[in-house]
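A.B. asks: Straight from Swiss-Prot, here's the annotation block:
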type	residues	note
BINDING	GLY17, GLY18, GLY19, HIS20, ALA21, GLY22	FAD binding site
BINDING	281-295	NAD(+) binding site
Amino acid sequence: MSFTAAPTESFDVIVVGGGHAGCEAAITTARLGLNTALFSLNLDRIAWQPCNPAVGGPAKSQLVHEVDALGGVIGRLADATAIQKRTLNASRGPAVWALRAQTDKRLYSRQMLQLLQHTPNLALREAMVTGLEVEGEEEQQRIQGVRTYFGSVYAAQAVVLTAGTFLGGRIWVGHQSMAAGRAGEQAAEGLTETLQGLGFHTDRLKTGTPARVDRRSIALDQLEEQPSDAADRFFSFDPAAWVSGEQMSCHITRTTAETHQLIRDNLHLTAIYGGVIDSKGPRYCPSIEDKIVRFADKESHQIFLEPEGRDTPEIYVQGFSTGLPEPIQLQLLRSLPGLEQAVMLRPAYSVDYDYLPATQLKPSLETKRVSGLFSAGQLNGTTGYEEAAAQGLVAGLNAARLIGEQDPVYFPREGSYIGTMIDDLVSQDLREPYRVLTSRSEYRLILRGDNADRRLTPLGRDLGLIDDRRWQLFEEKLQAMDAEKKRLESTRLKVSDPIAPTVEEETGAPIKGSITLADLLRRPAMHAADLVRHGLADGDLPLPVREGAEIDIKYSGYLQRQQQQIDQVKRQSQRKLPSDLNYTNIGTLSNEAREKLSAIQPTTLGQANRIPGVSQADITALLMWLELQKRQPLAPTTQAR
């Protein structure tokens, strides 16, 4: 191995970046026994929440449950630092139920730092990584370490890049800008150029965050209060992580005609509408300017005022991110009811940054160009702490397996939201920040938050991510659920029982002789909580056990049907494609399909089917070609590597 300078230290794995992806990656590799170093520009801002200090929400909470089911930490920390929790979409079906927690951002960061500091095999270093040490040429390149701004070299067998918005980061307030990854923190230099020099394509994306306002300057008594409604619900499946702390309320205000007119009059002063930058921002988290332009017929938009912690007066003004100049921002804030005397503690800003389009990655999140180099989080074009944490765990896991000469772990899209997200990232040419959504999954009834442990904890155990205590808890939960389902199927409510008339009235259906509690649960108006209320179930049974049993029974027909669909799709979509397949030599493919397939090099037929520009006719042609190759050698149609 040759280095540009003698290595200062050597590690098995180096993680570059101390955000949510980096922390999960570093903890994962360290727990798997690898000597790991996490490099951060600022160790005082570990796992910082620079935008909304919240975890969860639709699809995002499912990701958090999945990460926890695999032994990750984001759910545990969210439970420990939550200052408000709410259940979203509770009136709809379980496929879209979601838990969202407002967290104490400073406490979250401190607890993550403490966790990192007390994790065996894990070292922390504060430095700016500006270069990569790579050996070999072209297709045979392999990572061997990193270089820092001040010239130190650190050796590693695997490197995980989790640079967030810091690569070439530039923050904007109006037309004014400065180099920064986020407000008050320097951008990372050199790494983008290093990646480009290795043959990677990079591009630019944009995100933004709203102003912070002093709570003491807001007339909260004039606004609608939004209290916590889910204090007894948690992200983690481990009861030892459950913390029921004091809950705080959020408040709701709305934009006014004055707000909208101020924005229309000053659109040209933003970096985007003024034509200064053209980076794409997140579709599902638009600035207030975008809302006014896109929904010009809407008279008002809801704005949430969310506390950033128990010991700070800072209020996050959700739904009000803006790229307007600072003086106009204050005018906008004071146009909102209840904020007429608002004191702005921090202005809103947007940030544009370099990212690495994830079609250059394998489903393991290892780069295709450089062996041992992994990428995770916002660097891959995603937005959100939850998306970052999930990718960090996957990248860390597969970095460890690469070093251990084990096969990578690929998460199929039909098995988890983690798999859905990664499949989307590596298969699609995304041009805007990617956010996980329940609508992105074809199998969302199966991929619920409540059953993430049943879907993924056995895998986590096999991979060495779940310890004996967690595994015992998991087995005990399964046994309790099985016993409760059997009880519900065998216990009958008779029409002569005293509670029967009340049950008939509530469900709107008669009881003919008798009915099992399971069939009673299948009635739309009856739920596990109602059984407890009527003395038909044990209220001391853990809530996850009662609700899990209810969902399995109430939706059994739908669940079986969707599982059959998944099994059918699996048989075809998981068919492997040769990694060195030369698509240009398959004459039955369209020109566009050849180009797209050659660029992305999908690992399975299912992944190929989801690449934009690859038609069903192309998939049929590819399938026919694969069948032909069973009787012919592959050599004439593969690339020499």
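Any Cβ shown, glycine's included, is placed from N, Cα and C.
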A.B. asks: DSSP secondary structure for GLU289 (NAD(+) binding site), reduced to helix/strand/coil, please.
C.D. replies: helix
A.B. asks: Cβ distance under 8 Å to CYS285 (NAD(+) binding site), same chain, sequence separation 6 or more: which residues?
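C.D. replies: Expected: THR207, SER321, THR383, ARG435.
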A.B. asks: Give the sequence-ordered set of same-chain residues, not counting GLY17, GLY18, GLY19, HIS20, ALA21, GLY22, with Cβ within 8 Å of the centre of the Cβ atoms defining the FAD site.
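C.D. replies: Neighbours found: VAL15, CYS23, GLU24, ALA25, SER40, ALA47, THR162, GLY164, GLY377, ALA388, GLY392.
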A.B. asks: Comparing the binding-site residues HIS20, ARG283, LYS291, which residue's C-beta has the most other C-beta atoms within 10 angstroms in this structure?
C.D. replies: HIS20
A.B. asks: Mind checking which of GLY17, GLY18, GLY19, GLY22, GLY281 has the fewest other CB atoms within 10 A of its CB? They're the binding-site residues.
C.D. replies: GLY281
A.B. asks: PHE295 (NAD(+) binding site) has how many other Cβ neighbours within 10 Å of its own Cβ?
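C.D. replies: Other Cβ atoms found within 10 Å: 11.
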A.B. asks: So of all those binding-site residues, GLY281, ARG283, GLU289, VAL293, PHE295, which one's Cα sits nearest to GLY17 (FAD binding site)?
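C.D. replies: Closest recorded candidate to GLY17 (FAD binding site) by Cα: GLY281.
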A.B. asks: Please report how many Å separate the Cα atom of PHE295 (NAD(+) binding site) from that of GLY18 (FAD binding site), as a whole number.
C.D. replies: 37
A.B. asks: Could you round the CA separation between GLY19 (FAD binding site) and LYS291 (NAD(+) binding site) to a whole angstrom and send it over?
C.D. replies: 29
A.B. asks: Using a Cβ-Cβ cut-off under 8 angstroms and a sequence gap of six or more, which residues of the chain neighbour GLU289 (NAD(+) binding site)?
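C.D. replies: Within the chain, GLU289 (NAD(+) binding site) has Cβ neighbours under 8 Å at ILE263, LEU267, THR270, ILE272, TYR273, THR322, GLY323, LEU324.
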A.B. asks: ALA21, VAL293: which of these binding-site residues has the sparsest Cβ neighbourhood within 10 Å?
C.D. replies: VAL293
A.B. asks: When you measure from the Cβ of SER287 (NAD(+) binding site), which residues in the chain that are at least 6 apart have a Cβ under 8 Å away?
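C.D. replies: Result: GLY208, THR270, ILE272, GLY281, SER321, THR322, GLY323, SER350.
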A.B. asks: To the nearest whole angstrom, state the Cα distance for the pair GLY22 (FAD binding site) and ARG283 (NAD(+) binding site).
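C.D. replies: That comes out at 25 Å between the alpha carbons.
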A.B. asks: Of the binding-site residues ARG283, LYS291, VAL293, which sits closest to HIS20 (FAD binding site) by Cα distance?
C.D. replies: ARG283
